[in-house]
């Protein structure tokens with residue numbers, strides 16, 4: 001009885017929190033659009049050998065699916081123990097990847113919408129092997145400069161969305177069998193570090209790394225140039241890592257956070273579902289219909305994120321969101337495949353680089 005009362009209170013608390021609604025909506029939209037952007041990269045690969053090679057390199061196989069959680073664990077420990085020494089470097093690398101993801105994001109959005117006044121942004125820079133769109137590069141660099149010079153949660157989330165798009169575009173599942181191996185391994189990784197790292201290391205390693213802040217290189221440069229104090233006051237001394245979405249609580253008591261792994265990794269599965277929708281002839285363009293793998297997986301992601309946040313309120317402890325998101329999305333795609341009689345096709349699908357048909 002007591003547990004059911006706590007559960008009801010947690011549901012009511014989450015349902016009445018405006019911040020939670022905003023975070024869930026933004027996260028779901030970000031994951032869904034990242035999957036769409038990834039399939040647009042498939043279409044671009046049809047006319048670009050360099051893009052084709054890049055996407056093929058990012059395909060996950062059985063070995064990499066098993067090794068990937070171990071690699072993430074090693075990276076997490078390196079960040080935990082060495083952040084004071086490598087924090088600035090990691091922050092700059094993350095910004096670079098985020099800008100690259102934003103270029104993919106903007107290109108997919110503008111080309112798909114056919115906004116003629118903005119198509120000029122796609123005029124390429126002469127940089128082989130990829131003719132980068134100069135307008136997108138300029139906008140991405142402007143956002144990065146704004147992040148370094150000002151910070152703020154809005155710019156953080158814009159760059160974080162770019163990171164998610166990049167990961168989902170480059171990390172590609174060939175079939176559902178590899179998806180199960182990869183994502184269930186990542187659930188074990190997430191649970192182990194969130195629940196069991198504190199007794200060993202004295203800290204929740206996952207939370208510690210997620211909330212770490214690096215020295216702002218822009219502040220260091222500005223100080224060395226002896227800029228006036230009025231200007232220095234606007235440049236933050238520290239920069240949080242671009243490894244999470246952050247949304248301020250409506251009552252001003254801080255920020256709600258969601259790690260980028262909780263967006264990008266389920267997003268890889270959603271992108272697989274969208275490719276299979278095209279391959280199996282369900283839809284040419286993305287659809288939210290529950291008759292499609294993409295629509296089922298996106299709805300399951302939304303529900304899984306709600307469940308993770310309710311569990312966090314119930315336990316009063318950070319939750320490994322993948323523990324809820326991965327079973328929900330895998331079950332949604334698997335059940336849809338079972339009902340449609342296509343589960344074997346999903347399980348044994350051949351690696352896809354570029355699907356047939358027009359761009360989605």
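Every residue, even glycine, has its Cβ placed from backbone N, Cα and C.
Tertiary proximity for the transmembrane segment (20-38) is limited to same-chain residues at least six positions away from its ends with a CB under 8 Å from its CB atoms, namely 14, 104-105, 108-109, 112, 157, 161, 164-165, 167-169, 172, 245, 247, 256, 258, 262-264, 266-267, 270-271, 273-274, 286, 294, 298, 301-302, 305-306, 309, 360. Among the features that TrEMBL reports, transmembrane segment is placed at 20-38 (among others).
As annotated by TrEMBL, transmembrane segment applies to 50-71 (among others).
Proximity of distant same-chain residues to the transmembrane segment (77-97), defined by a Cβ-Cβ separation under 8 Å and at least 6 residues beyond the stretch ends, is recorded for 144, 147-148, 159, 162-163, 166, 201, 203, 205, 208-209, 212-215, 217, 239, 241-243. The transmembrane segment annotation in TrEMBL covers 77-97 (among others).
According to TrEMBL, the feature transmembrane segment maps to 104-127 (among others).
If you look up TrEMBL, you'll see 147-171 (among others) marked as transmembrane segment. Sequence-remote contacts of a segment are chain residues at least 6 beyond its ends whose Cβ falls under 8 Å from one of its Cβ atoms, and for the transmembrane segment (147-171) they are 26, 30-31, 33-35, 37-38, 41, 54-55, 58, 60, 94-95, 97-105, 140, 216-218, 234-236, 239-240, 242-248, 255, 260, 263-265, 267-268, 270-271.
Residues annotated as transmembrane segment in TrEMBL: 178-196 (among others).
Sequence annotations record features per position, and here TrEMBL assigns transmembrane segment to 255-276 (among others).
The annotation transmembrane segment is assigned in TrEMBL to 288-309 (among others).
Annotation source TrEMBL lists transmembrane segment at 321-339 (among others). For the transmembrane segment (321-339), same-chain residues at least 6 beyond its ends with a Cβ under 8 Å from one of its own Cβ atoms are 176, 179-180, 183-184, 186-187, 190-191, 258-259, 261-262, 265-266, 269-270, 272-273, 290-293, 296-297, 299-301, 303-305, 307-308, 311, 345-346.
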